[in-house]
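Noted in TrEMBL for the protein shown:
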DOMAIN    17-257  domain 'G-protein coupled receptors family 1 profile'
TRANSMEM  6-28  transmembrane segment
TRANSMEM  35-63  transmembrane segment
TRANSMEM  69-90  transmembrane segment
TRANSMEM  111-135  transmembrane segment
TRANSMEM  155-174  transmembrane segment
TRANSMEM  206-225  transmembrane segment
TRANSMEM  237-259  transmembrane segment
Amino acid sequence: NPWDVMLCVSGTAIACENALVVAIICYSPALRTPMFVLVGSLATADLLAGLGLILNFVFQYVIRSETVSLLTVGFLVASFAASVSSLLAITVDRYLSLYNALTYYSERTVLCIHTMLAGAWGVSLCLGLLPVLGWNCLHDHAACSVVRPLTKSNVTLLSASFFLIFLIMLHLYIEICKIVCRHAHQIALQQHFLTASHYVATKKGVSTLAIILGTFGASWLPFAIYCVVGDPDYPSVYTYATLLPATYNSMINPIIYAYRNQEIQRSMWVLFCGCFQAKVSFRSRSPSDV
């Protein structure tokens, strides 16, 4: 099936991209701040999702087993759920870094980040275990969804969870835009005018937020909607055509959240060539930088 080959290729690219991010964060002691912990969580989830796509292809064509199929599907559900949950955690972190800028760099923030990640991974693991523990349609094909062997109620739960996360992220990014615009207005009042650099920076920040949320929605919304309205009797090409773009989100995440960050760029220079020159300047970024 060429669609399965495309998913496997996508999984390989996802795994390679995110493995590099995980290696950089683990290699660099300087990347131990809450912001990079969240980026590392996202990269780890996407790495597992990429490996899951590869394993799904191997087991589908090499080892045919209902048990292995359930384990692979559960692994994929948990990985992608952890990826989406990590994106939500990053959004919350960006909002808090702007809303509570004075108290952000405190022990309370570190505890909050670790609590968010523990909750996100715990919920994701539970969602992945549901089909393995019996919530599947292996013995009741009438209950199957467009994603076999998941049941219709199972994919409805997953889709509803995604819609909720998407709405929360949308609300938080709107609030972030308001804070950014308000800061720019306050600077303008203090300086009696809004400089071109402030205007450009504000416009760039808002545009980047729109790109982040737009990419996330464009990747996952078609698949989430099809899981709700689709019927298992529909041609499987519809499922593949909506699932494949969803995997691209895990391919784009490292570019948006990791490779654009100058601290990670510097760590890449040190990791690969060891020829980083001190005269090259890098500006330290805060979590609110987008």
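A Cβ is built for glycine as well, from the same backbone N, Cα and C atoms used for every other residue.
Bear in mind that TrEMBL entries carry predicted annotations, made automatically and left uncurated.
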> Between the stretches 6-28, 69-90, 206-225, which wins on the count of C-beta pairs under 8 angstroms to the transmembrane segment (155-174)?
Replying inline: 206-225
> the transmembrane segment (237-259): which same-chain residues, six or more beyond its ends, come within Cβ distance under 8 Å?
Replying inline: 3, 6-7, 10-11, 13-14, 17-18, 20-21, 24, 39, 42-43, 45-46, 49-50, 53, 80, 83, 87, 90, 146-147, 211-212, 215-216, 218-220, 222-223, 226, 230, 265
>> On the 0 to 100 pLDDT scale, where does the domain 'G-protein coupled receptors family 1 profile' (17-257) sit on average?
In response: 85
> Do any residues of this chain, six or more beyond the ends of the transmembrane segment (111-135), have a C-beta under 8 angstroms from a C-beta of it, and if so which?
Replying inline: 34, 37-38, 41, 45, 70-71, 73-79, 81-82, 85-86, 88-89, 92-93, 96, 149-151, 153-154, 157-158, 161
